[in-house]
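Trainee: Could you have a look at this structure, given as structure tokens, before my questions?
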Amino acid sequence: MPELPEVEVTRLSFAGRIAGARIEAVSMGKPLRWPLGCSPQQLVGLRVLAVRRRGKYLLVDLSDGLLLIHLGMSGSVSFGSSLSSPGKHDHFDMVTSLGTLRLNDPRRFGAVVYAGDEHDAVAHKLLGRLGVEPLSDAFDAALFHQALKPRQTPIKQVLLGGEAVVGVGNIYASEALFLAGIRPTTKASRISKPRAALLHRAIRQVLTQAVTKGGSTLRDFSNAQGEAGHFQLDAMVYDRAGMPCKVCGSPIKSIRQGQRSTFYCVSCQKP
């Protein structure tokens, strides 16, 4: 599943090129996870003002309303003036005066949803419970520790939940916990203030590095220009089960948490 870095990398790869474009046509393929919420014709004539990100959502600000785009499990966005005809897995095409924005989603867990504004009922349902942005100034170490204190579930699952901090995802949760020296099975409520500060710093560091590296391409992720990411080549623990830890040499262990694979070093990461 594309995580925060992949969504941010996608945004950066087309936001500047689509700003100011006039929407000329919209076509839909097979139904996605949620309906568009308006007639495609209603979007024609509107202008694209900007593209933002909230958690794992792309927010395309229009001259009237906005589009919320979620990439689901396997989705990707492309943008260009010479895209081929829509294929089997291309389910949303927005033709503009500056190029076509396309959502390709083989598994159709993604979505494109229209909302009147960021605070209406549709947008609130999707965005209302999202936690603080980890790369923003609002992500404060002390407040992060306070958010962890009442939670009795393992810290890895708290990070994936998106309410204490948004968008970290499976890959980067494993990597940040390794960097902070915290075992993923540790209850969030047991993490001390100093260790929470280490994790806070590690989350920011890992996500920043991932954006710089273009995200992670494990199967088929690419940005809106068709470029793959390379963070996975630098992973310390993710997808390295049985391989030696790059720090201490101990074998990396893999377990299942909440139906997701977790990777960690028994020696470097303490309960």
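Even glycines carry a Cβ here, placed using N, Cα and C.
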Trainee: Which residue of His89, His119, His124 does Swiss-Prot report at the same DNA site as Arg107, Arg151?
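Mentor: Record check against Swiss-Prot: DNA site with Arg107, Arg151, extra candidate from His89, His119, His124 is His89.
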Trainee: Which is it, of 26-60, 236-270, that Swiss-Prot names as zinc finger?
Mentor: 236-270
Trainee: For His89 (DNA binding site), what is the tally of other C-beta atoms lying within 10 angstroms of its C-beta?
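Mentor: For His89 (DNA binding site), the count of other Cβ atoms within 10 Å is 16.
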Trainee: Roughly how many Å lie between the Cα atoms of Arg107 (DNA binding site) and Pro2 (active site, schiff-base intermediate with DNA), rounded to a whole value?
Mentor: 13
Trainee: In whole Å, how far does the CA atom of His89 (DNA binding site) lie from that of Glu3 (active site, proton donor)?
Mentor: 20
Trainee: In which DSSP state, out of helix, strand and coil, do we find Glu3 (active site, proton donor)?
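Mentor: Assignment for Glu3 (active site, proton donor) reads coil.
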Trainee: Using a Cβ cut-off under 8 Å, which residues of the same chain at least 6 positions beyond either end of the zinc finger (236-270) come close to it?
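Mentor: Sequence-remote neighbours of the zinc finger (236-270) are 154, 156-157, 160, 170-171, 174-175, 177-179, 181-185, 218.
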